[in-house]
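Peer 1: Pasting a structure here, questions to come.
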């Protein structure tokens, strides 16, 4: 968290950055991430500290209700279910993203999904008083649904409201808040704070606090201009939103770029998940990333995973290996913060056209949450079976992704969505015809003025 904040501070203080970043952009990025992305990180880590208290609560209620206690293996299964049910909810939330963002918009989806957090917070907060363990599991499931929605919608929203030269910075905001949420959960879980047995329901229910601030303030900000123009075809609302987010500079060029994309998509309907998977172009254009952050982050994580294995194997012989293992754990978190925490969701916004973006976020979110569920449920048993060597599996995965990014993934910094699409069209032959048609269409477009801003006309240039 500290390294990312220093990096962001350096960017923020640069003159070129400050010239283009408005208070509205910074405020909406903070609110959307604070009330959504941070909860994802918080819920990932919040169940670690009170693990024994939750297991004891399950056992006590089982004795009170049925008159018999659970053995250690049954308690491990129930606790693993409590942890991993969050990922099941997240996968369901990811499946809903395409429908929700198309119907309610990006900001509208974030605002409406806050009701899930209040329901979940209430269930988890009163579970101990009601002596009903299922309230904890159901609450974790509902927070997972909210996180599954917000984890895809926040990067989509920020990627669409940001100018091309600031997409990378705003794309870092969710990842910073994810790591901040993990950090806050670990700190509040200390025994000196809320890590005591009587406080664990409060620790789980604190998710309602940041969501409350988001609900109070985020509705006052405009919807995504790109969504308003391309999907809702509301030129007036688009201009109003752009003026709100761009206090300085001429927004004419940005409107023209969005209208070019709108024109290229005029004969294309919004793509479903099935349609996305059948579209061979999507697998070609998927090869994109922010190379330095992805390569550095995954490589560092892979090295630290290998370091944990070595330190655990020699921990009995060398006392210093205990400190090495702690350093490697911190290193994995730091490597995760560098890029893997947020860049993949930024990539999804940059990779796909407006018609494909909701379905792409649905697929990406499902894969992410399926992986979360698998790790959350299987890892305790994997650790018992393989011991210290279980971390070598994650080392191999991290190094594989870093290698894929190094040899295949190009850079798309400071490029518009149309430029990114044309870039991949030039690289990949299967998109060549589509690129030619798009370039031909753009070359024959002439922008007419509508109250000082462009509206499309299908007239040839002289």
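Just so you know, glycine gets a Cβ as well, placed from its N, Cα and C.
This is the feature table in TrEMBL:
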{"type": "DOMAIN", "residues": "29-462", "note": "domain 'Major facilitator superfamily (MFS) profile'"}
{"type": "TRANSMEM", "residues": "21-42", "note": "transmembrane segment"}
{"type": "TRANSMEM", "residues": "77-97", "note": "transmembrane segment"}
{"type": "TRANSMEM", "residues": "109-126", "note": "transmembrane segment"}
{"type": "TRANSMEM", "residues": "132-157", "note": "transmembrane segment"}
{"type": "TRANSMEM", "residues": "169-188", "note": "transmembrane segment"}
{"type": "TRANSMEM", "residues": "200-221", "note": "transmembrane segment"}
{"type": "TRANSMEM", "residues": "293-314", "note": "transmembrane segment"}
{"type": "TRANSMEM", "residues": "320-347", "note": "transmembrane segment"}
{"type": "TRANSMEM", "residues": "359-382", "note": "transmembrane segment"}
{"type": "TRANSMEM", "residues": "388-409", "note": "transmembrane segment"}
Peer 1: To the transmembrane segment (359-382), which of 21-42, 77-97, 200-221, 388-409 is linked by the most Cβ pairs under 8 Å?
Peer 2: 77-97
Peer 1: Six or more residues out from either end of the transmembrane segment (132-157), which same-chain residues have a Cβ under 8 Å from its Cβ atoms?
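Peer 2: For the transmembrane segment (132-157), the nonlocal Cβ contacts are 28, 32-33, 36-37, 39-40, 43, 47, 54, 57-58, 61, 78, 81-83, 85-97, 100-101, 106-107, 109-110, 113-114, 116-117, 119-124, 126, 171, 174, 204-205, 207, 224, 342, 345-346, 348-349, 357-358, 361-362, 364-365, 368-369.
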Peer 1: Any chance the transmembrane segment (200-221) and the transmembrane segment (388-409) have 3 or more Cβ pairs under 8 A, given the pairs are 6 or more apart in sequence?
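Peer 2: Judged by the Cβ rule, the two regions do not touch, with the required three close pairs absent.
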Peer 1: With Cβ distances under 8 Å as the criterion, find the stretch in 109-126, 293-314, 320-347, 388-409 that has the most pairs with the transmembrane segment (169-188).
Peer 2: 320-347
Peer 1: Please tell me whether the transmembrane segment (388-409) and the transmembrane segment (293-314) touch - that is, whether there are at least 3 C-beta pairs under 8 Å between them, with each pair 6 or more apart in sequence.
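Peer 2: Counting Cβ pairs under 8 Å, at least 3, so yes.
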Peer 1: Mean pLDDT across the domain 'Major facilitator superfamily (MFS) profile' (29-462), rounded to an integer, is what?
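Peer 2: It averages 78.
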Peer 1: Cβ under 8 Å, sequence separation of at least 6 from the ends of the transmembrane segment (109-126): give me the contacting residues as numbers and ranges.
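Peer 2: Distal contacts: 32, 35-36, 39, 97, 100-101, 135-136, 138-143, 145-146, 149-150, 153-154, 157, 201-202, 204-208, 211, 214-215, 218-219.
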